[in-house]
Structures are given as C-alpha cells and as structure tokens.
Amino acid sequence: MKKHVLIIISLGRPPENGKIGLGGFWSSWWFTAIAFGFPFVFEYAVSPYLKASVGVVSVGKLSILACVYGILWVVLAFVSVVTITRSIPGFNDTRRVDKINLTDFPSCLKNYLAMGSIGWELLQLNSIPWQIWKSTYSVKKLGAMVTLDFATLGFDGVELNMFLIKQRIAFVCLLIWFFSLKASNKFKSFPWVNYFITFLLPSFLSTGLFMFLTQEYLYSVACYPVMDANDTKVYMLWSTDIPFLCWTSDHWPFALIGMFGIGLFIPLAVLSSGSHQLAFPQLDLDIQCSPLFGMISQLVKGLMIGAKTFFATNIRMYLLVALAGDLLLFAVHYRFPQACSTRHVRSAKLVVYALSFWSALCAAVSTFMSKEDIPLIVMYVGHAVILGGVAAGLLQWKKHPWLNRQTTTAKL
C-alpha cells in the first residue's frame, strides 16, 4: 500500500529541470510555471481587473505591482542564499591549489578564461563610476534610445534603434538561458557538449552578461512619472522622444520580456553562481572562489543595477550601493582567505574591489564638488598608488620568501 502511495505521489509531481547545482523549488517545473505564468496573469487578468475597477488602465498601480513582483524575486533569492549554503554539501568549499596551470594545453585555457572574468569584473564595477568622474555619464535613455545616424558615414537613411536591438539581444539570451537550464547535465554521454551547455553557456550569460541583461530586463518594466504637454502626469519608459507610454499595446511585449527575465534569469543567475564546482567536481580549474562568494558578488551587482534603475535621476543612490558593495566584497575576501583557490586569486580580487571602491568614492565626491575643486587626476593617482603598493608587496614577497612561509604557518 505504501509503495502504491509513493508511486502516485511521484506521478503527481512535475519533472525536474536539468541540475545547475540547485535543488528543490529552483530546479522544479513549479518554478518555471510560476515564472512563466505570472507575466501572462499580469497582462490578461490583473490589468483588465484594474481597468474595470477604475475605468482606465491604472498605470501607476501596474507599475507598483511590477516593482513589487521584482522585489519579491530578489527577496526570495536572498533568503535562498542561506538555505542553499546549508543544504548543499560543499557549497562553501573551494579546491585549494599550490600553483596555477598556465602552460598545459588545453586545460590551461580554463584558467585563462577565469583570469579574463576577473578583469571583466573590474570593468563592470568601474565603468559607471568612471563615466560619472569624467562627466560623460547620462541617465539611461530607453525607448528608441540613441538612434544612431550613419549619414555622416555616407549611409543616408540608415538608422539603428539601440533600444530595440538590446531588447532583442536580451530576449535571445533569455531563450538560450532557458535552454541551458532545462538541458544542463542531460548530455553526460557527450562530455564536451555537456560541459558547454552546463558550464560555459550559463556561465557566460550569468557572469559575463549579468549586469547587461539585468539592466535590460529591469528597464523594460521600469516606468517613470513625467508631465506631458498638458501638465498631466503620465508614466513612460525613460526616453528622449517619449515613444512608449507604459502598459500600452506598444509596451506590453517589452514588459513581458522584462518580467520573464526578472523571474527566470535574475534569481537563478545569482543562486547558480559557482554551481559548476558541484556539477563538475573533477574540473581542474585553478582560479576560483567559494560559490558563496560568487553569489554575494552577483547580489551586489544586481543591487547596483536595481539602484541605477529605480533611482535613475539620483546617481548618488547607485554610488552609495556601489561603495557598500565594494566594501563588503573586499571585507569577505580579506576575512576568509581560504575561500579562494590560491593567494594569487584572492589578491587579484582584493585589488579589483579596492580599485572599484576608490573609483566609486571619487565619483561620489564629484557629485558634491565642482571639477575646479577636485582635479580629474585624483582618481588615477589613487589607482596608481593602489597598484604601486601591490607591486611593491609582490617584490618584497619575491625578495623575502620567508614571509610567504611565515604567513602560511600562521594561517595553519
């Protein structure tokens, strides 16, 4: 009898997704159904209900509900961080190595890619603070954003709508992400295919393109109140020539893509960070840190993009989040040295976060002072001092090997 009951229960459960290092709700079809279903409920049930009750499309209420929808996914992902680190064995562990393989081909290619990801993280964390410091940063323009005119190049009439291009790229990436989610670890008989689908593809999307995709998904549902020509408050996507009023037939396709991305991509891109260390325990990757640190880094970047989106006209809020995030990342990497595979990786991460903190600090100061009071060279001098200090430390380490042995003994 008990056996029959278990069979019935197992038949009643939806099949699981491919494994990406997460279990339970996040790898079940229930998650997929909710993430896919709610945007349609939002368009075909919630919106008509509000329209029937108010008489017109309640743009303000729809915008608030969309904001709450995104916040709920972020909160759920944040709460899951603690649960995942406790429930998945080895999630806080990192394989320690004595040296980094940079010569044995082709295994060394993985390490070069990992080195490139550290450099890419430096670029991600510093790009906007550097633009603010140089006074070249402008508030994100969305609908029909920055139409490129090639007339100056001799191509009269050729225009590129960057907003549409970015939205289509984000949509294609979402389809690829969904495929990798469903197909991960399901091609074990073809090791390289399985490695590409389960590790390389999702890692590229969730790490390399995380900030870009998160930004596009959030901006496609972010509606800002402005006054039109009749002094009436309307909600629209942030743009120069106001082509999209929010929650109209023109906006809904982009809103759906944004809500799909908020539910399907953002939380999983945060939580699955470092999952390759569980999916591929035999992977001889010498440059890596604890998956927990990867999740913290993704959360910080997501919060930075969120602050940039919801406080589009107040860049100081973004810089405040950036300062706190860089300081947090520096502190955890400094406090837990064993969480990185080698001291070289940890040192590189510390340099990245120190440079990023200084960039954000200079950018924040520049929002309170004029460029006459604070010269542009200040940021670059700070970068030079940080890098010079690191170089001097490395030289001392080379000249006095006993420092390395003493530090290692103290840690043990």
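Even glycines carry a Cβ here, placed using N, Cα and C.
Taken from TrEMBL as is:
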- 20-42: transmembrane segment (TRANSMEM)
- 62-85: transmembrane segment (TRANSMEM)
- 164-181: transmembrane segment (TRANSMEM)
- 193-213: transmembrane segment (TRANSMEM)
- 252-271: transmembrane segment (TRANSMEM)
- 317-336: transmembrane segment (TRANSMEM)
- 348-368: transmembrane segment (TRANSMEM)
- 374-395: transmembrane segment (TRANSMEM)
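Only residues 6 or more beyond the boundaries of the transmembrane segment (348-368), in the same chain, are considered here, and those with a CB under 8 A from a CB of the stretch are 118, 121-122, 125-126, 128-130, 132-133, 135, 289, 315-316, 319-320, 322-323, 326-327, 329-330, 333-334, 340, 374, 378-379, 382-383, 386-387, 390. Outside the transmembrane segment (317-336), and at least 6 residues removed from its termini, the chain residues within Cβ reach (under 8 Å) are 125, 128-129, 132, 289-290, 293, 296-297, 300-301, 303-304, 306-308, 311, 346, 349-350, 353-354, 356-357, 360-361, 363-364, 367. Contact count against the transmembrane segment (20-42) (Cβ pairs under 8 Å) is highest for 252-271, out of 164-181, 193-213, 252-271.
Same-chain residues lying 6+ beyond the ends of the transmembrane segment (62-85) with a Cβ under 8 Å from its Cβ atoms: 22, 26, 38, 42, 46-47, 50, 91-92, 218, 221, 223, 235, 246-247, 255, 259, 262-263, 266-267, 270-271, 292, 295-296, 299, 302, 306, 310.
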